[in-house]
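Chemist: Can you keep this structure in mind? I'll have questions shortly.
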Amino acid sequence: MGGSGNWIRSLISNRKPVNDQQEKLSDKSSKKKWKLWRISSESLASSSFKSRGSYAASSLGSELPSFSADEAFTTAMAALIRAPPRDFLMVKREWASTRIQAAFRAFLARQAFRALKAVVRIQAIFRGRQVRKQAAVTLRCMQALVRVQSRVRAHRRAPSDSLELKDPVKQTEKGWCGSPRSIKEVKTKLQMKQEGAIKRERAMVYALTHQSRTCPSPSGRAITHHGLRKSSPGWNWYDDVGTFSRKSSESSVLSEYETVTVRKNNLSSTRVLARPPLLLPPVSSGMSYDSLHDETSTSSTSQSPVAFSSSVLDGGGYYRKPSYMSLTQSTQAKQRQSGLSCNGDARRSAGSDQCTDLYPPGNVWAKSQRS
């Protein structure tokens, strides 16, 4: 009996430190923080081992009547032990994946913000004044280029159109009528029209030339000559401009020389002046010209022709001819006879008359101006 009493006493004396150890473990578990990255499988095993040891101790102490206060704690630990163990490696991977996704989404957001700012800047640049001005200039240049291209194409098509117009068959095709005619009849009709047009042109030319022969003024001849050129089919205004410029240049060069005819007692003489004379007043037949000019040659019935190697001027009023183109005596006699019938005043003149002279001298215009 003594041995059994000692055993009970030793059990009762060892009861308090066991309870103190359980309280300390409960306090530590309550104060401990839940950290995923510090928990491992070893800590889980140690905690399970401690819980089992405490459960064994509590089971031993449950036999005593004073151990009923710790039943709630023991039931909770039992439930924790029965629960399946959680894989903390998967938890770490999920946490790392969320961190990576957040960083990548932040990077995409920054990139989109930069692109948006660039788009806003580009819009501001395109809506600026300089860009609009440059665009307007470029549009004008493109329009000018299109106009030039259209003109070049029209110029290229012009020769083909002219060839088509010259071809009588194509003309007949364009002006085709529904009347029953053969090709020969159409061609003969076209030929008759062309011949009639040629005859009309010849008649106009003949009338103009006849009028120019009867007209004594050189301005009338210039007008008729211009009309002849203008009525011709190959007339072009650019050619008239070129001839006018050439005539003006030649007249400026040849205006340094001028012919003056002086009459004194039915004796005529021709002078050559270095410069064109001024507008002289009408002089009577008895006045002397010795103070103005020196006579070099006199003739009672003919004038001495002036030799020039310059070209003939048809619009300036001065007609000049080279020495080899002067008329012979027989030609002058014929012209004198025709001049008597053309003009009664030509009997008193010593030179050839202008109305029938093919190569009129340069002093005719001066005579007509003085008369």
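Glycine is treated like the rest: Cβ placed from N, Cα and C.
Quantities reported herein were computed from a predicted structural model and do not represent experimental measurements.
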Chemist: If you check Swiss-Prot, which stretch out of 192-236, 327-371 is marked region 'Disordered'?
Modeler: 327-371
Chemist: Could you give the residue numbers and ranges of same-chain residues that sit at least 6 residues beyond the domain 'IQ 2' (122-144) on either side and whose C-beta is under 8 angstroms from one of its C-beta atoms?
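Modeler: Residues: none.
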